[in-house]
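Just below is one structure, and these are the notes that go with it.
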Amino acid sequence: MSSESKEPHVLSPKDSFEGNDRYSPPSRIHLELEKKSSTDFKQFEASEPCRPYPRIHMEPQEKSNTNFKQFVIKKLQKSCQCSPTKAKNMIFGFLPVLQWLPKYDLKKNILGDVMSGLIVGILLVPQSIAYSLLAGQEPIYGLYTSFFASLIYFLLGTSRHISVGIFGVLCLMIGEVVDRELLKAGYDTVHIAPSLGMVSNGSTSLNQTSDRICDRSCYAIKVGSTVTFLAGIYQVAMGFFQVGFVSVYLSDALLSGFVTGASFTILTSQAKYLLGLSLPRSSGVGSLITTWIHIFRNIHKTNVCDLITSLLCLLVLLPTKELNEHFKSKLKAPIPTELVVVVAATLASHFGKLHEKYNTSIAGHIPTGFMPPKAPDWNLIPSVAVDAIAISIIGFAITVSLSEMFAKKHGYTVKANQEMYAIGFCNIIPSFFHCFTTSAALAKTLVKESTGCQSQLSGVMTALVLLLVLLVIAPLFYSLQKSVLGVITIVNLRGALRKFRDLPKMWRVSRMDTVIWFVTMLSSALISTELGLLIGVCFSMFCVILRTQKPKVSLLGLVEETEIFESMSAYKNLQARPGIKIFRFVAPLYYINKECFKSALYKKTLNPVLVKAAQKKAAKRKIKKQPVTLSGIQNEISVQLSHDPLELRTIVIDCSAIQFLDTAGIHTLKEVRRDYEAIGIQVLLAQCNPSVRDSLARGEYCKDEEENLLFYSVYEAMAFAEESQNQKGICIPNGL
């Protein structure tokens, strides 16, 4: 038959829609999916005679014999070499601004950078003040944090678009550590008693000159800056030792669930400000539930003025935020609603004398200028060292993921290692200037990108806006109610809380990811932020192990007129050769799933142990001359075969999906091969990757004369099996 007269062979899915046939070029292969898994072995006779298939021989590359000592010496020599070129590259690599700033296109980019920097700066002013409360700090420290982070990332960062500064989840984690250490030190956690003269519901002694006395606010920033310093050290160390792989264990589902769970805790911590209640911040396991219990127990003490102010701010902020998102493609810049609300609320509080008349909680005095730098408290390091680990991992994971996301979107590359250095120094250096932990923030990054940002020069503009506030405008926020700041914080949680909308889609795509999301979210919200992250990571790793412990297995069939093998449980019209079964195991073979591998292989083919036992039993009964049918054993091992099990002569194990073997995996393959050979069935391995081949060689799976049991393709293994059966005089009606 000529090639022109042949029709293309089409394998269509069993669950395909009938009557929807479309013409396909003859060169295309179409597989028809099975409706449900099946182990029926349908035989299709082939008209072509058996043709020889030559063995493939490949010579492996020679491996270098460099030992560990030589490797270390070589690396040290390479790292310790010094030359002007290498010194220049090192400096330019550490300070990326030296690379891109001389090439900066002023006419093309300056307008977008100035606009985006100004807008982000305007948004950061109220958010920095609001998030300071979340971190248990004075408003001035939030402004310091955003200012220094913007400048340092401008010098060290490789992303053109991300906005580095305060981030709600990190502020929450810092605040929990601060409250715990304040409680240990004997400070009152109900009233905020700043050392800079801020007005509070409680009375405290103020001290700005004596180093011997440190009030609550002073001690709070000591704790915050010490945690920040340690988190930065961890991040720089991870960059130096190139252990950024840690972020691999923080999947998108895990991070999303963690942020959503933490958002509930943030919302809960800010609810007292909306109601004007003076409550201690609950910490530890179940803090969210404890806080709500305290709120409802004290609900009768609600400050009506604060409540009305909160409702009015919500009525303004929520709709305008939604309008900003809905019309962001038409708006050249988002409406700075938060700043408008802050200004209006400050004026209303000042001229209405709300604090004097209704005892509302206000921000109080915010000083201008900068405080002298001060080192973190080294005595606190043992107490906060563990807390800083989780904070550092979350900070760099979010920063690196956002950097890579926006770099991919805009067609440039970022250096993940340099990003860890950048965010690390954004924490180390500001920790000496009374700042707390920072990272990239998605909401502000989206605003920055949508308003025309082209480079990190926009970060300088943001810093200039904050500098203006720090030097001139800050005292004007004296009468700003804390309830307004709480509303701003809660409104900015909308993005994280909207993740619930994505759950149906996530469930359809991956049920395992959805379960990880729920476990992480619930544990972060109901147990604690740090334990929630740990539980999420452990559960995520458990899910990975579970997937490899119960992997997918299938028997393969040949696609007609090709050398392609596919799962017979997934596709129709596949050829199964008599006497040969091809088994695929889709997972690494190691100690966790070795028993699953054996049981699945025995179920899909036959159990050699039971067959051997039946043969011995038959021999004792002296019925060797009669054929052994083993019909009872077939039922016992649940194998549905369309022919006598003992007609099976060869099992080919497709190793293409086996990424690696450990010692237990090699022993399992040896055991399986030995058991099958005991009943006259040969076992062949096909498509082993170089790593698996190397493991088999080191594990002495094959002797020198048995190297022919390893094949580079399944088709080659099948051809070898049929040839060996023909040589033994076994009738094979269908050749390859």
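Glycine is treated like the rest: Cβ placed from N, Cα and C.
Annotated region 'Disordered' per Swiss-Prot: 1-28, in sequence order. Among the features that Swiss-Prot reports, phosphoserine is placed at S12, S16. Sequence annotations record features per position, and here Swiss-Prot assigns transmembrane segment to 114-134, 139-159, 229-249, 257-277, 380-400, 422-442, 457-477, 526-546. Summarising the annotation, Swiss-Prot assigns N-linked glycosylation site to N201, N207. If you look up Swiss-Prot, you'll see 570-721 marked as domain 'STAS', on the strength of sequence analysis.
Ranked by the number of CB pairs under 8 Å to the transmembrane segment (114-134), the listed stretches 257-277, 380-400, 422-442, 457-477, 526-546 are led by 457-477. Sequence-distant residue pairs (6 or more apart) of the transmembrane segment (257-277) and the transmembrane segment (422-442) include fewer than 3 whose Cβ atoms are under 8 Å, leaving the two stretches without contact. Highlighted: of the candidate stretches 139-159, 422-442, 457-477, 526-546, 422-442 has the greatest count of Cβ pairs under 8 Å to the transmembrane segment (380-400). For the transmembrane segment (422-442), the partner stretch with the most Cβ pairs below 8 Å, chosen from 139-159, 457-477, 526-546, is 139-159.
Same-chain neighbours of the transmembrane segment (139-159): 94-97, 124-125, 127-133, 165-166, 196, 221, 224, 363, 366-367, 370, 402-403, 406-407, 413-415, 418-419, 421-423, 425-426, 429-430, 433-436, 438, 440, 456-457, 459-460, 462-463, 466-467, 469-470, 474, 477, counting only residues six or more beyond its ends whose CB sits under 8 Å from a CB of the stretch. Per-residue pLDDT, averaged over the domain 'STAS' (570-721), rounds to 79. Using a Cβ-Cβ cut-off under 8 Å and counting only residues 6 or more beyond its ends in the same chain, the transmembrane segment (457-477) has close neighbours at 101, 104, 109-110, 112-114, 116-118, 120-122, 124-125, 128-129, 139-140, 143-144, 146-147, 150-151, 153-154, 163-164, 342, 346, 363, 365-370, 448.
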